[in-house]
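Quick notes on the structure that follows.
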Amino acid sequence: MSFMNFEPKPLADTDIFKPIKIGNTELKHRVVMPALTRMRALHPGNVPNPDWAVEYYRQRSQYPGTMIITEGAFPSAQSGGYDNAPGVWSEEQLAQWRKIFKAIHDNKSFVWVQLWVLGRQAFADNLARDGLRYDSASDEVYMGEDEKERAIRSNNPQHGITKDEIKQYIRDYVDAAKKCIDAGADGVEIHSANGYLLNQFLDPISNKRTDEYGGSIENRARFVLEVVDAVVDAVGAERTSIRFSPYGVFGTMSGGSDPVLVAQFAYVLAELEKRAKAGKRLAYVDLVEPRVTSPFQPEFEGWYKGGTNEFVYSVWKGNVLRVGNYALDPDAAITDSKNPNTLIGYGRAFIANPDLVERLEKGLPLNQYDRPSFYKMSAEGYIDYPTYEEAVAKGYKK
């Protein structure tokens, strides 16, 4: 292994290392570990890995006052469809999450759980095997031929969820949020980005409904806002957040190709700001930058340059977490962190650098990540990345 080939800059004297209040917590700095899918949970059961997960989160929360957002976790079995991603609905799952939350808190850092519902990005055959539906906003609006073939082969065609099923998903979000808070989490992040179920309702490419959940900008936003309102009522606005990817194309979303989507996200943010002015301000809004339109592309590939996320500041006046290719572009991180109430998320860099916050603070070189091990069921590429001192001792070079 080696260090990444770029010139880091010390960020200690920038806005990134100023404290900020998020919900009920006081962060020492604005470097955030965003949700990172790692596929190490046990199957069956979707249980966080009892051998490795606590150590993984302990390592990355070692700098006191750091905000950690967990990998996406399924609120219910129906929300899932990936065998090795964790859930938060069973006691067996929650028993492991409690250990993870304790490890993070023992480091004097903070933890938010991302609540993740796949919709049509699930594997239809996995769901069929478990007696579960293959859900989305609309019937049989598949991402592509492979997904269609998989669904038909497993006799589990894509199903546009009914109003009663929408209500059940909302109950699932609420139940999961309460369980996470009761287990010791500081808050929850509702995943409404990257082409997953809530994003499928927001985007007209996947939402072909003709009822009150489809058609207009207001209708397409209804499900998302109902989830937010229900979770806020259950655990408090200060413990609730949400993620969007306005320009993302992952999951065959429209991204920048459909100009109505900027208006769509501006509308949702405006509705959240209305609620904030009425005393229910979310802890933060998490935005994936157009610098990353798909999580499977290397740095600076797939960069959509026809728009920016700057519009958020005209609408939403609360905290903003911005995520996307900041590790190799410290100047962009410095510039964007000058915006009001802004935090910066580092994804792949946090995977490969357990002491990332200290490295960013001091301008130290970063470990090169190993992409093939991102989703590999092993400790390798998960809990064996060295700290800077360990890397130097091993002879790492650029």
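Cβ coordinates are placed from backbone N, Cα and C, and glycine is handled just like the others.
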Message: For the FMN site that Swiss-Prot describes with T37, H191, R348, which of these is also annotated: R239, R243, R291?
response: R243
Query: If you measure from the C-alpha of T37 (FMN binding site), which of the recorded positions N194, Y196, Y375 fall inside 10 Å?
result: Y375
- request: Within 10 Å of each Cβ, count the other Cβ atoms and name the one among the recorded positions Y196, Y375 with the highest count.
  value: Y196
- prompt: Looking at the binding-site residues T37, N194, which one has the fewest other Cβ atoms within 10 Å of its own Cβ?
  reply: T37
Message: Cβ neighbours within 10 Å, counted over all protein chains: which one of the binding-site residues H191, R243, R348 has the most?
response: R243
Field: Distance from Y375 (substrate binding site) back to H191 (FMN binding site), taken between C-alpha atoms, in Å
entry: 19
